[in-house]
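S.K.: Provided herewith is a single structure, encoded as C-alpha coordinates, for subsequent inquiry.
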Amino acid sequence: MADSKDQFSSGTDSEKNDGVSITSVRGGNDTHFQAFERRTMRLVDFRVLPLLAVVYAIALIDRINLGVARTAGMGADLNLAVGSRFSIVTCLYFIPYILGQLPGNLVLRLLGARNWLAFCVVAWGAVQLGMGFVPTWGWLILCRVLLGLFEAPFFPALVYIISTWYKRYEVQKRLAAFYLSSITISGFSPIIAYGLSLLDGKKGIAGWEWIFIIEGAITIALGIVLFYALPDFPDKNTFLTPEQTAFVLKRVEDDRGDSIPDKITFKKILTHLGDWTIWAYGVMFMCATTPAYAMSYFISIILEGMGYKAKSALLLSAPPYGPAFVSAMAFAWLSDKTQIRSPYIAIQAVIGIVGLALMAYAPQNGVRYFGTFLVNAGSSGCIPGILAYGANNVVSQSKRVVQSAVTVAFGGIGGIIASTVFREVDRPKYVPGLWVTLGMQVLIVVLVGVMNLHFKRMNRLCDEGKLGGGRKVLEGQPGFRYTL
(Lines of atoms letter the chains of each structure in order from A and count residues from 1; the text may use other names and numbers.)
(Lines give C-alpha, C1' and ligand atoms only; values in the text may rest on other atoms or scores of the structure.)
Protein backbone atom coordinates (compact mmCIF):
# COMPACT_ATOMS: atom_id res chain seq x y z
CA MET A 1 0.00 0.00 0.00
CA ALA A 2 1.33 3.45 -0.82
CA ASP A 3 3.27 5.38 1.76
CA SER A 4 1.31 8.42 2.92
CA LYS A 5 4.24 10.79 2.44
CA ASP A 6 4.74 9.76 -1.18
CA GLN A 7 1.04 9.91 -1.95
CA PHE A 8 0.67 13.21 -0.12
CA SER A 9 3.58 14.81 -1.91
CA SER A 10 3.31 13.38 -5.38
CA GLY A 11 -0.13 14.46 -6.43
CA THR A 12 -0.63 11.31 -8.48
CA ASP A 13 -4.00 10.62 -6.90
CA SER A 14 -6.81 13.04 -6.19
CA GLU A 15 -6.07 16.73 -5.90
CA LYS A 16 -8.60 17.08 -3.14
CA ASN A 17 -9.78 15.07 -0.16
CA ASP A 18 -13.42 15.60 0.73
CA GLY A 19 -13.38 18.92 -1.08
CA VAL A 20 -10.37 20.34 0.82
CA SER A 21 -7.32 21.30 -1.24
CA ILE A 22 -4.02 19.80 -0.19
CA THR A 23 -1.85 21.39 -2.86
CA SER A 24 -0.44 23.98 -0.47
CA VAL A 25 1.63 21.42 1.44
CA ARG A 26 2.51 19.25 -1.50
CA GLY A 27 5.94 19.35 -2.98
CA GLY A 28 7.69 20.48 0.22
CA ASN A 29 10.94 18.87 1.29
CA ASP A 30 11.10 15.98 3.74
CA THR A 31 11.89 18.25 6.68
CA HIS A 32 8.84 20.40 5.98
CA PHE A 33 6.61 17.36 5.50
CA GLN A 34 7.80 15.61 8.65
CA ALA A 35 7.38 18.76 10.74
CA PHE A 36 3.87 19.21 9.36
CA GLU A 37 3.02 15.56 10.07
CA ARG A 38 4.40 15.68 13.63
CA ARG A 39 2.61 18.93 14.39
CA THR A 40 -0.70 17.70 13.01
CA MET A 41 -0.67 14.29 14.68
CA ARG A 42 0.54 15.72 17.99
CA LEU A 43 -2.42 18.07 17.91
CA VAL A 44 -4.72 15.13 17.17
CA ASP A 45 -3.20 13.14 20.04
CA PHE A 46 -3.65 15.90 22.59
CA ARG A 47 -7.10 16.86 21.36
CA VAL A 48 -8.59 13.37 21.02
CA LEU A 49 -7.04 11.05 23.60
CA PRO A 50 -6.94 12.85 27.00
CA LEU A 51 -10.59 13.90 27.04
CA LEU A 52 -11.81 10.47 25.95
CA ALA A 53 -9.54 8.82 28.54
CA VAL A 54 -10.88 10.96 31.38
CA VAL A 55 -14.52 10.40 30.45
CA TYR A 56 -14.02 6.65 30.02
CA ALA A 57 -12.22 6.56 33.39
CA ILE A 58 -15.33 8.07 34.94
CA ALA A 59 -17.42 5.47 33.11
CA LEU A 60 -15.28 2.70 34.62
CA ILE A 61 -15.49 4.23 38.08
CA ASP A 62 -19.27 4.50 37.80
CA ARG A 63 -19.42 0.89 36.60
CA ILE A 64 -17.11 -0.75 39.14
CA ASN A 65 -17.75 1.25 42.30
CA LEU A 66 -20.42 -1.24 43.32
CA GLY A 67 -17.87 -3.50 45.03
CA VAL A 68 -16.29 -0.55 46.82
CA ALA A 69 -19.70 0.75 47.96
CA ARG A 70 -20.54 -2.72 49.23
CA THR A 71 -17.39 -2.77 51.35
CA ALA A 72 -18.25 0.75 52.58
CA GLY A 73 -21.61 -0.37 54.01
CA MET A 74 -24.05 -0.76 51.13
CA GLY A 75 -23.99 -4.55 51.45
CA ALA A 76 -25.25 -4.40 55.01
CA ASP A 77 -27.80 -1.62 54.43
CA LEU A 78 -29.40 -3.31 51.40
CA ASN A 79 -28.92 -6.92 52.60
CA LEU A 80 -26.82 -7.84 49.56
CA ALA A 81 -25.22 -10.80 51.36
CA VAL A 82 -28.52 -12.70 51.15
CA GLY A 83 -28.27 -15.46 48.55
CA SER A 84 -26.79 -14.21 45.28
CA ARG A 85 -28.15 -10.68 45.46
CA PHE A 86 -24.82 -8.96 44.88
CA SER A 87 -24.05 -11.15 41.86
CA ILE A 88 -27.54 -10.48 40.47
CA VAL A 89 -27.15 -6.72 40.86
CA THR A 90 -23.73 -6.89 39.22
CA CYS A 91 -24.82 -9.22 36.41
CA LEU A 92 -28.01 -7.47 35.29
CA TYR A 93 -26.05 -4.37 34.30
CA PHE A 94 -24.54 -6.28 31.41
CA ILE A 95 -27.76 -7.37 29.65
CA PRO A 96 -28.66 -3.89 28.29
CA TYR A 97 -24.94 -3.12 28.01
CA ILE A 98 -24.47 -6.02 25.59
CA LEU A 99 -27.68 -5.48 23.63
CA GLY A 100 -27.07 -1.75 23.20
CA GLN A 101 -23.61 -1.94 21.57
CA LEU A 102 -24.45 -2.29 17.87
CA PRO A 103 -27.55 -0.03 17.88
CA GLY A 104 -25.51 2.57 19.76
CA ASN A 105 -22.78 2.57 17.10
CA LEU A 106 -25.39 2.91 14.34
CA VAL A 107 -26.99 5.91 16.09
CA LEU A 108 -23.50 7.41 16.51
CA ARG A 109 -23.13 8.18 12.81
CA LEU A 110 -26.75 9.33 12.54
CA LEU A 111 -26.70 11.89 15.38
CA GLY A 112 -22.98 12.64 15.50
CA ALA A 113 -20.50 11.70 18.19
CA ARG A 114 -20.80 14.91 20.19
CA ASN A 115 -24.60 14.90 20.51
CA TRP A 116 -25.01 11.18 21.11
CA LEU A 117 -22.15 10.58 23.53
CA ALA A 118 -22.78 13.73 25.57
CA PHE A 119 -26.41 12.64 26.02
CA CYS A 120 -25.32 9.15 27.13
CA VAL A 121 -22.81 10.51 29.66
CA VAL A 122 -25.29 12.94 31.24
CA ALA A 123 -27.95 10.21 31.35
CA TRP A 124 -25.80 7.63 33.11
CA GLY A 125 -24.47 10.33 35.45
CA ALA A 126 -28.05 11.04 36.51
CA VAL A 127 -28.63 7.32 37.09
CA GLN A 128 -25.40 7.07 39.10
CA LEU A 129 -26.46 9.98 41.26
CA GLY A 130 -29.84 8.34 41.77
CA MET A 131 -28.16 5.19 43.10
CA GLY A 132 -27.28 7.22 46.19
CA PHE A 133 -30.96 7.32 47.12
CA VAL A 134 -32.13 3.73 46.54
CA PRO A 135 -34.06 2.35 49.53
CA THR A 136 -33.88 -1.36 48.60
CA TRP A 137 -31.82 -3.70 46.46
CA GLY A 138 -34.67 -3.90 43.92
CA TRP A 139 -34.31 -0.19 43.14
CA LEU A 140 -30.56 -0.75 42.88
CA ILE A 141 -31.21 -3.36 40.16
CA LEU A 142 -33.31 -0.85 38.18
CA CYS A 143 -30.54 1.73 38.38
CA ARG A 144 -27.92 -0.79 37.28
CA VAL A 145 -30.02 -1.79 34.26
CA LEU A 146 -30.40 1.86 33.23
CA LEU A 147 -26.68 2.42 33.82
CA GLY A 148 -25.88 -0.45 31.45
CA LEU A 149 -28.28 0.92 28.83
CA PHE A 150 -26.73 4.40 28.77
CA GLU A 151 -23.11 3.21 29.04
CA ALA A 152 -23.55 0.64 26.22
CA PRO A 153 -22.80 2.95 23.26
CA PHE A 154 -19.80 4.62 24.85
CA PHE A 155 -16.79 2.30 24.69
CA PRO A 156 -17.34 0.88 21.17
CA ALA A 157 -17.89 4.44 19.96
CA LEU A 158 -14.58 5.54 21.46
CA VAL A 159 -12.71 2.62 19.89
CA TYR A 160 -14.36 3.39 16.55
CA ILE A 161 -13.58 7.11 16.76
CA ILE A 162 -9.92 6.58 17.70
CA SER A 163 -9.40 4.02 14.93
CA THR A 164 -10.64 6.52 12.31
CA TRP A 165 -7.90 9.03 13.15
CA TYR A 166 -4.80 6.83 12.82
CA LYS A 167 -3.02 4.44 10.49
CA ARG A 168 -3.07 0.74 11.30
CA TYR A 169 0.30 0.55 13.00
CA GLU A 170 -0.20 3.69 15.03
CA VAL A 171 -3.44 2.62 16.62
CA GLN A 172 -2.41 0.21 19.42
CA LYS A 173 -0.22 2.76 21.19
CA ARG A 174 -3.12 5.19 21.08
CA LEU A 175 -5.71 2.65 22.18
CA ALA A 176 -3.37 1.50 24.95
CA ALA A 177 -2.66 5.07 26.09
CA PHE A 178 -6.38 5.89 26.08
CA TYR A 179 -7.49 2.66 27.76
CA LEU A 180 -4.65 2.40 30.27
CA SER A 181 -4.91 6.05 31.27
CA SER A 182 -8.57 5.35 31.98
CA ILE A 183 -7.73 2.19 33.90
CA THR A 184 -5.01 3.93 35.92
CA ILE A 185 -7.30 6.81 36.85
CA SER A 186 -10.12 4.41 37.70
CA GLY A 187 -7.63 2.36 39.73
CA PHE A 188 -7.77 5.14 42.29
CA SER A 189 -11.52 4.60 42.59
CA PRO A 190 -11.16 2.62 45.85
CA ILE A 191 -9.08 5.42 47.39
CA ILE A 192 -11.50 8.09 46.16
CA ALA A 193 -14.43 6.03 47.39
CA TYR A 194 -12.78 5.57 50.76
CA GLY A 195 -12.39 9.34 51.07
CA LEU A 196 -16.03 9.88 50.11
CA SER A 197 -17.17 7.19 52.54
CA LEU A 198 -15.69 9.29 55.37
CA LEU A 199 -18.62 11.65 54.79
CA ASP A 200 -20.74 8.97 56.45
CA GLY A 201 -23.53 10.61 58.43
CA LYS A 202 -23.18 14.07 56.88
CA LYS A 203 -26.63 15.47 56.07
CA GLY A 204 -28.02 12.13 57.27
CA ILE A 205 -26.53 10.35 54.24
CA ALA A 206 -24.52 7.14 54.51
CA GLY A 207 -20.93 6.99 53.28
CA TRP A 208 -21.72 4.62 50.41
CA GLU A 209 -24.54 6.91 49.29
CA TRP A 210 -22.12 9.83 49.11
CA ILE A 211 -19.96 7.75 46.76
CA PHE A 212 -22.76 7.49 44.20
CA ILE A 213 -24.05 11.05 44.64
CA ILE A 214 -20.73 12.84 44.21
CA GLU A 215 -19.42 10.60 41.43
CA GLY A 216 -22.75 10.94 39.60
CA ALA A 217 -22.60 14.74 39.82
CA ILE A 218 -19.03 14.72 38.43
CA THR A 219 -20.18 12.51 35.54
CA ILE A 220 -23.00 14.91 34.63
CA ALA A 221 -20.55 17.83 34.61
CA LEU A 222 -18.17 15.91 32.34
CA GLY A 223 -21.02 15.10 29.97
CA ILE A 224 -21.67 18.81 29.54
CA VAL A 225 -17.96 19.43 28.88
CA LEU A 226 -17.99 16.59 26.36
CA PHE A 227 -20.75 18.27 24.36
CA TYR A 228 -18.57 21.33 23.77
CA ALA A 229 -15.15 19.66 23.52
CA LEU A 230 -15.52 16.25 21.83
CA PRO A 231 -13.43 16.22 18.61
CA ASP A 232 -15.79 13.94 16.62
CA PHE A 233 -14.67 12.10 13.44
CA PRO A 234 -11.84 13.38 11.19
CA ASP A 235 -14.22 14.42 8.40
CA LYS A 236 -16.37 16.36 10.89
CA ASN A 237 -13.69 17.89 13.15
CA THR A 238 -13.50 21.63 13.82
CA PHE A 239 -10.09 21.94 15.53
CA LEU A 240 -7.79 21.23 12.55
CA THR A 241 -7.16 23.54 9.62
CA PRO A 242 -8.62 22.43 6.26
CA GLU A 243 -5.08 21.54 5.20
CA GLN A 244 -4.53 19.36 8.28
CA THR A 245 -7.92 17.71 7.91
CA ALA A 246 -7.13 16.80 4.31
CA PHE A 247 -3.79 15.36 5.41
CA VAL A 248 -5.30 13.19 8.17
CA LEU A 249 -7.96 11.83 5.82
CA LYS A 250 -5.45 11.16 3.06
CA ARG A 251 -2.95 9.28 5.22
CA VAL A 252 -5.76 7.01 6.48
CA GLU A 253 -7.03 6.55 2.92
CA ASP A 254 -3.55 5.59 1.72
CA ASP A 255 -3.12 3.20 4.63
CA ARG A 256 -6.38 1.25 4.37
CA GLY A 257 -8.80 3.01 2.04
CA ASP A 258 -11.64 3.93 4.43
CA SER A 259 -11.10 7.54 5.49
CA ILE A 260 -14.60 8.51 4.34
CA PRO A 261 -17.54 6.49 5.74
CA ASP A 262 -19.42 4.22 3.38
CA LYS A 263 -23.19 3.99 3.62
CA ILE A 264 -24.40 1.54 6.27
CA THR A 265 -27.19 -0.77 5.07
CA PHE A 266 -28.90 -3.77 6.64
CA LYS A 267 -27.43 -5.98 3.92
CA LYS A 268 -23.92 -4.78 4.74
CA ILE A 269 -24.47 -5.40 8.45
CA LEU A 270 -25.53 -9.00 7.76
CA THR A 271 -22.55 -9.50 5.44
CA HIS A 272 -20.13 -8.22 8.06
CA LEU A 273 -21.73 -10.37 10.76
CA GLY A 274 -21.10 -13.40 8.53
CA ASP A 275 -17.32 -12.96 8.89
CA TRP A 276 -16.25 -15.50 11.54
CA THR A 277 -13.19 -13.46 12.53
CA ILE A 278 -15.44 -10.72 13.92
CA TRP A 279 -16.86 -13.24 16.38
CA ALA A 280 -13.37 -14.55 17.19
CA TYR A 281 -12.25 -11.04 18.18
CA GLY A 282 -15.34 -10.87 20.38
CA VAL A 283 -14.62 -14.16 22.15
CA MET A 284 -11.00 -13.16 22.76
CA PHE A 285 -12.13 -9.80 24.10
CA MET A 286 -14.61 -11.55 26.39
CA CYS A 287 -11.80 -13.71 27.75
CA ALA A 288 -9.59 -10.65 28.30
CA THR A 289 -12.25 -8.57 30.06
CA THR A 290 -13.30 -11.32 32.46
CA PRO A 291 -10.22 -10.96 34.72
CA ALA A 292 -10.39 -7.17 34.38
CA TYR A 293 -13.97 -7.12 35.65
CA ALA A 294 -13.20 -9.74 38.30
CA MET A 295 -10.40 -7.60 39.72
CA SER A 296 -12.57 -4.49 39.60
CA TYR A 297 -15.49 -6.07 41.42
CA PHE A 298 -13.82 -8.49 43.78
CA ILE A 299 -10.24 -7.43 44.53
CA SER A 300 -11.18 -5.52 47.69
CA ILE A 301 -13.32 -8.46 48.82
CA ILE A 302 -10.49 -10.93 48.07
CA LEU A 303 -8.07 -8.74 50.03
CA GLU A 304 -10.50 -8.67 52.94
CA GLY A 305 -10.46 -12.47 52.77
CA MET A 306 -6.68 -12.34 53.21
CA GLY A 307 -7.28 -10.72 56.59
CA TYR A 308 -6.97 -7.04 55.73
CA LYS A 309 -9.36 -4.54 57.32
CA ALA A 310 -11.86 -2.82 55.02
CA LYS A 311 -9.78 0.39 54.92
CA SER A 312 -6.57 -1.46 54.04
CA ALA A 313 -8.36 -3.61 51.45
CA LEU A 314 -9.65 -0.50 49.67
CA LEU A 315 -6.23 1.18 49.68
CA LEU A 316 -4.40 -1.96 48.52
CA SER A 317 -6.79 -2.30 45.56
CA ALA A 318 -5.14 0.57 43.67
CA PRO A 319 -1.38 -0.30 43.39
CA PRO A 320 -1.76 -3.24 40.92
CA TYR A 321 -2.90 -0.81 38.21
CA GLY A 322 0.38 1.17 38.14
CA PRO A 323 2.76 -1.56 36.88
CA ALA A 324 0.01 -2.79 34.54
CA PHE A 325 0.13 0.58 32.76
CA VAL A 326 3.89 0.34 32.20
CA SER A 327 3.72 -3.29 31.02
CA ALA A 328 0.84 -2.78 28.61
CA MET A 329 2.34 0.39 27.10
CA ALA A 330 5.63 -1.45 26.53
CA PHE A 331 3.84 -4.28 24.72
CA ALA A 332 1.80 -1.77 22.69
CA TRP A 333 4.97 0.04 21.60
CA LEU A 334 6.60 -3.25 20.59
CA SER A 335 3.48 -4.35 18.73
CA ASP A 336 3.24 -1.15 16.69
CA LYS A 337 7.00 -1.12 16.11
CA THR A 338 7.11 -4.71 14.81
CA GLN A 339 3.67 -4.43 13.12
CA ILE A 340 2.47 -7.73 14.61
CA ARG A 341 -0.23 -8.33 17.22
CA SER A 342 -0.89 -12.00 17.97
CA PRO A 343 2.39 -13.03 19.72
CA TYR A 344 2.16 -10.14 22.19
CA ILE A 345 -1.48 -10.90 22.96
CA ALA A 346 -0.53 -14.52 23.69
CA ILE A 347 2.39 -13.53 25.95
CA GLN A 348 0.19 -11.22 28.01
CA ALA A 349 -2.46 -13.92 28.33
CA VAL A 350 0.24 -16.23 29.76
CA ILE A 351 1.20 -13.51 32.27
CA GLY A 352 -2.44 -13.48 33.38
CA ILE A 353 -2.46 -17.28 33.69
CA VAL A 354 0.53 -17.17 36.06
CA GLY A 355 -1.10 -14.44 38.15
CA LEU A 356 -4.40 -16.32 38.47
CA ALA A 357 -2.59 -19.49 39.53
CA LEU A 358 -0.73 -17.56 42.24
CA MET A 359 -3.96 -16.01 43.51
CA ALA A 360 -5.60 -19.42 43.73
CA TYR A 361 -2.85 -21.52 45.29
CA ALA A 362 0.02 -19.45 46.72
CA PRO A 363 0.15 -20.08 50.51
CA GLN A 364 1.48 -16.62 51.42
CA ASN A 365 -0.80 -13.60 51.17
CA GLY A 366 2.05 -11.48 49.80
CA VAL A 367 2.50 -13.85 46.86
CA ARG A 368 -1.25 -13.94 46.25
CA TYR A 369 -1.27 -10.14 46.24
CA PHE A 370 1.59 -10.17 43.72
CA GLY A 371 -0.65 -12.37 41.58
CA THR A 372 -3.14 -9.49 41.31
CA PHE A 373 -0.37 -7.37 39.75
CA LEU A 374 0.23 -10.03 37.09
CA VAL A 375 -3.49 -10.49 36.38
CA ASN A 376 -3.94 -6.74 35.92
CA ALA A 377 -0.86 -6.54 33.71
CA GLY A 378 -2.06 -9.40 31.50
CA SER A 379 -5.65 -8.27 31.03
CA SER A 380 -4.79 -4.56 30.73
CA GLY A 381 -2.41 -5.37 27.88
CA CYS A 382 -4.60 -7.91 26.11
CA ILE A 383 -7.59 -5.57 25.89
CA PRO A 384 -6.01 -2.82 23.72
CA GLY A 385 -4.03 -5.50 21.86
CA ILE A 386 -7.20 -7.33 20.80
CA LEU A 387 -8.93 -4.05 19.91
CA ALA A 388 -5.97 -3.08 17.70
CA TYR A 389 -5.83 -6.59 16.18
CA GLY A 390 -9.46 -6.27 15.11
CA ALA A 391 -9.16 -2.65 13.95
CA ASN A 392 -6.12 -3.53 11.80
CA ASN A 393 -7.87 -6.34 9.96
CA VAL A 394 -11.10 -4.71 8.79
CA VAL A 395 -11.61 -2.29 5.91
CA SER A 396 -14.60 0.08 5.46
CA GLN A 397 -16.18 2.11 8.20
CA SER A 398 -19.42 0.13 8.07
CA LYS A 399 -17.50 -3.03 8.96
CA ARG A 400 -15.55 -1.11 11.60
CA VAL A 401 -18.85 -0.07 13.20
CA VAL A 402 -20.01 -3.69 13.36
CA GLN A 403 -16.66 -5.14 14.43
CA SER A 404 -16.09 -2.69 17.30
CA ALA A 405 -19.65 -3.12 18.57
CA VAL A 406 -19.57 -6.93 18.47
CA THR A 407 -16.15 -7.02 20.14
CA VAL A 408 -17.12 -4.72 23.00
CA ALA A 409 -20.48 -6.49 23.41
CA PHE A 410 -18.60 -9.71 24.10
CA GLY A 411 -16.64 -7.75 26.68
CA GLY A 412 -19.95 -7.29 28.46
CA ILE A 413 -20.41 -11.06 28.46
CA GLY A 414 -17.03 -11.22 30.17
CA GLY A 415 -18.49 -8.97 32.85
CA ILE A 416 -21.43 -11.34 33.32
CA ILE A 417 -19.07 -14.30 33.64
CA ALA A 418 -16.92 -12.45 36.18
CA SER A 419 -19.94 -11.49 38.27
CA THR A 420 -21.40 -15.02 38.31
CA VAL A 421 -18.40 -17.35 38.69
CA PHE A 422 -17.05 -15.48 41.71
CA ARG A 423 -19.74 -16.76 44.07
CA GLU A 424 -20.42 -15.88 47.70
CA VAL A 425 -20.07 -19.54 48.70
CA ASP A 426 -16.48 -19.55 47.40
CA ARG A 427 -15.25 -16.72 49.62
CA PRO A 428 -12.56 -15.80 50.51
CA LYS A 429 -10.30 -17.33 47.81
CA TYR A 430 -12.84 -17.76 44.99
CA VAL A 431 -10.83 -20.68 43.57
CA PRO A 432 -13.56 -21.90 41.12
CA GLY A 433 -13.90 -18.39 39.70
CA LEU A 434 -10.14 -18.08 39.33
CA TRP A 435 -10.04 -21.41 37.47
CA VAL A 436 -12.75 -20.31 35.02
CA THR A 437 -10.88 -17.07 34.40
CA LEU A 438 -7.61 -18.95 33.92
CA GLY A 439 -9.23 -21.26 31.38
CA MET A 440 -10.41 -18.24 29.41
CA GLN A 441 -6.83 -16.95 29.18
CA VAL A 442 -5.84 -20.32 27.72
CA LEU A 443 -8.63 -19.88 25.16
CA ILE A 444 -7.11 -16.53 24.12
CA VAL A 445 -3.82 -18.28 23.35
CA VAL A 446 -5.61 -20.96 21.30
CA LEU A 447 -7.76 -18.51 19.33
CA VAL A 448 -4.95 -16.11 18.59
CA GLY A 449 -2.93 -19.05 17.24
CA VAL A 450 -5.80 -20.15 14.98
CA MET A 451 -6.34 -16.62 13.66
CA ASN A 452 -2.63 -16.15 13.06
CA LEU A 453 -2.53 -19.29 10.90
CA HIS A 454 -5.69 -18.22 9.04
CA PHE A 455 -4.35 -14.74 8.25
CA LYS A 456 -0.98 -16.13 7.16
CA ARG A 457 -2.76 -18.48 4.77
CA MET A 458 -4.98 -15.73 3.35
CA ASN A 459 -2.01 -13.40 2.82
CA ARG A 460 -0.10 -16.19 1.05
CA LEU A 461 -3.04 -17.10 -1.20
CA CYS A 462 -3.50 -13.44 -2.07
CA ASP A 463 0.18 -13.02 -2.94
CA GLU A 464 0.02 -16.13 -5.14
CA GLY A 465 -3.22 -15.06 -6.84
CA LYS A 466 -4.99 -18.18 -5.61
CA LEU A 467 -8.06 -16.54 -4.13
CA GLY A 468 -11.37 -16.99 -5.95
CA GLY A 469 -11.04 -15.96 -9.59
CA GLY A 470 -7.31 -15.44 -9.27
CA ARG A 471 -7.84 -12.28 -7.25
CA LYS A 472 -5.03 -10.58 -5.36
CA VAL A 473 -7.29 -8.41 -3.22
CA LEU A 474 -8.25 -8.86 0.45
CA GLU A 475 -11.18 -7.07 2.12
CA GLY A 476 -11.91 -5.39 -1.23
CA GLN A 477 -8.82 -3.19 -0.86
CA PRO A 478 -5.88 -3.56 -3.29
CA GLY A 479 -2.57 -3.88 -1.46
CA PHE A 480 -4.19 -4.73 1.87
CA ARG A 481 -2.71 -7.58 3.92
CA TYR A 482 -3.90 -8.95 7.24
CA THR A 483 -1.89 -8.05 10.33
CA LEU A 484 -0.55 -11.15 12.08
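Each residue, glycine too, has its Cβ placed from N, Cα and C.
According to TrEMBL, the protein has these features:
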REGION    1-25  region 'Disordered'
TRANSMEM  48-66  transmembrane segment
DOMAIN    48-457  domain 'Major facilitator superfamily (MFS) profile'
TRANSMEM  78-99  transmembrane segment
TRANSMEM  106-127  transmembrane segment
TRANSMEM  139-163  transmembrane segment
TRANSMEM  175-196  transmembrane segment
TRANSMEM  208-230  transmembrane segment
TRANSMEM  278-302  transmembrane segment
TRANSMEM  314-333  transmembrane segment
TRANSMEM  345-363  transmembrane segment
TRANSMEM  369-389  transmembrane segment
TRANSMEM  401-422  transmembrane segment
TRANSMEM  434-453  transmembrane segment
S.K.: Between 139-163, 175-196, 208-230, 434-453, who has the most Cβ pairs under 8 Å to the transmembrane segment (48-66)?
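M.R.: Per the Cβ under 8 Å count, 175-196.
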S.K.: Can you work out which residues elsewhere in the same chain, 6+ from the ends of the transmembrane segment (345-363), have a Cβ less than 8 Å from its Cβ atoms?
M.R.: 284, 287-288, 291, 302, 327-328, 331, 370-379, 381-382, 385-386, 389, 429, 431, 434-435, 437-438, 441-442, 444-445, 448-449
S.K.: Looking only at the recorded stretches 106-127, 175-196, 314-333, 369-389, which one has the largest tally of CB-CB distances under 8 Å to the transmembrane segment (278-302)?
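M.R.: Answer is 369-389, with the largest number of Cβ pairs below 8 Å.
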S.K.: Would you kindly check 106-127, 208-230, 314-333, 401-422 and say which stretch has the most C-beta pairs under 8 angstroms to the transmembrane segment (78-99)?
M.R.: 401-422
S.K.: Counting Cβ pairs closer than 8 Å, which of 106-127, 208-230, 314-333, 401-422 has the most of them with the transmembrane segment (175-196)?
M.R.: 314-333
S.K.: As a test of reading the model: what is the averaged pLDDT for the domain 'Major facilitator superfamily (MFS) profile' (48-457)?
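M.R.: Taking every residue in the domain 'Major facilitator superfamily (MFS) profile' (48-457) and averaging pLDDT yields 90.
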S.K.: Taking residues 6+ outside the transmembrane segment (314-333), which of them lie with a CB under 8 Å of any CB in it?
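M.R.: Distant Cβ neighbours of the transmembrane segment (314-333) are 68, 71-72, 172-173, 175-177, 180-181, 183-184, 186-191, 193-194, 295, 299-300, 303, 308, 344, 347-348, 351, 369, 372-373, 375-377, 380-381, 384-385, 388.
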